[in-house]
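Student: For Ser140, Asp267, His296, the entry in TrEMBL reads active site, charge relay system. Here TrEMBL flags 61-299 as domain 'AB hydrolase-1'.
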Amino acid sequence: MNLPSPFHPAKPLWNGHLETIYPSLFRKVPGVLSRYERERLELPDGDFVDIDRIKQGAKRAVIISHGLEGNSHRAYVTGMATAFAGSGWDVLAWNFRGCSGVMNRLPRFYHSGDTTDLLAVVHFAADACGYDEVVLVGFSMGGNMTLKLAGEQGDALPQQVSRLIAFSVPCDLAASAKKLEQSAFGLYQRRFMRMLKTKIRQKEADMPGTFDLHCLSDMHRFREFDDTFTAPLHGFRDANDYWTQASCLRFLPDIRRPALLVSARNDPFLTPECYPEQAARQNPHFTLEMPARGGHTGFTQKLRAPQLWSEQRALHFAEQRR
């Protein structure tokens, strides 16, 4: 299903770059970090992920997945956590491997298609925590994971998962990587590459001899990083193989729970391939909403409003009953 969108951005944010950058730099969400209770989930391969929870005795919970090199403290995560907690939900804002402020134990870390860890968090919420209902919300890379998991699992997705919501998703990773080489003269790619290279240096300091750092100074593109590190660390042949296998696009037809994808038409990270209109027309479980504006995980309706439009939209979809 393709839905029209009622979203209208704050007037001073007159293009997709401003809509992307403003909330990332200037938005503050007070009070939520003090409510977080951190729990460590041990994984079958000997590694771990850290989960920041808001517990208020609810029988329903939202699992929030952040974006590339994000974490549970980013404003788009804490804003969503605040919105759901304010409506009576418990919250599990999990950090990908190596993103919680504590480096993970293994040489590998995380990648866009790594649904195994997300599924472990889902089972933790459904089985160990005993929630009757679980909703998944993902942003950008975390949204790709969320939708890919739903398609991979199909009817086998744990029955407690009632709905899935994703924002600003690079459904076609190869196309998005190429776009980011050009968007804002490569500004976004340079920023992410700085963070990724810092992570590799940190991991080499923890595990001497594991990584060859000599290539880092001449490495500027996602393709180079994914060819050199992401692909071999996670069992892919090269960047192209990784992008093909990890993109959620080909899994969308197999989603069997109500799922909503919201991606702005002016998102500077996305190309036409990242707006899966055909999948939305053909799969009654999958809804695509494409506001003309919003940027990448932006969706600021009023500059000083306590909630973003995306938080209101996610909560409304989560609490819908058909």
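A Cβ is built for glycine as well, from the same backbone N, Cα and C atoms used for every other residue.
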Student: Mind giving me a neighbour count for Ser140 (active site, charge relay system)? Other Cβ atoms within 10 Å of its Cβ, every protein chain shown.
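Tutor: I get 26 for this one.
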Student: At the Cα level, what's the spacing in Å between His296 (active site, charge relay system) and Asp267 (active site, charge relay system), rounded?
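Tutor: Cα-Cα distance, His296 (active site, charge relay system) to Asp267 (active site, charge relay system): 5 Å.
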Student: Relative to the Cβ of Asp267 (active site, charge relay system), which residues of the same chain, six or more apart in sequence, are found under 8 Å away?
Tutor: Gly16, Thr20, Ser168, Cys274, Gly294, Gly295, His296
Student: Take the Cβ of His296 (active site, charge relay system) and count every other Cβ within 10 Å, whichever protein chain it belongs to.
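Tutor: Around His296 (active site, charge relay system), other Cβ atoms within 10 Å: 27.
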Student: Restricting attention to the domain 'AB hydrolase-1' (61-299), give the mean pLDDT.
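Tutor: Per the prediction, mean pLDDT sits at 97 for the domain 'AB hydrolase-1' (61-299).
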Student: Can you see whether DSSP assigns His296 (active site, charge relay system) to helix, strand or coil?
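Tutor: The residue in question, His296 (active site, charge relay system), is coil (DSSP, three-state).
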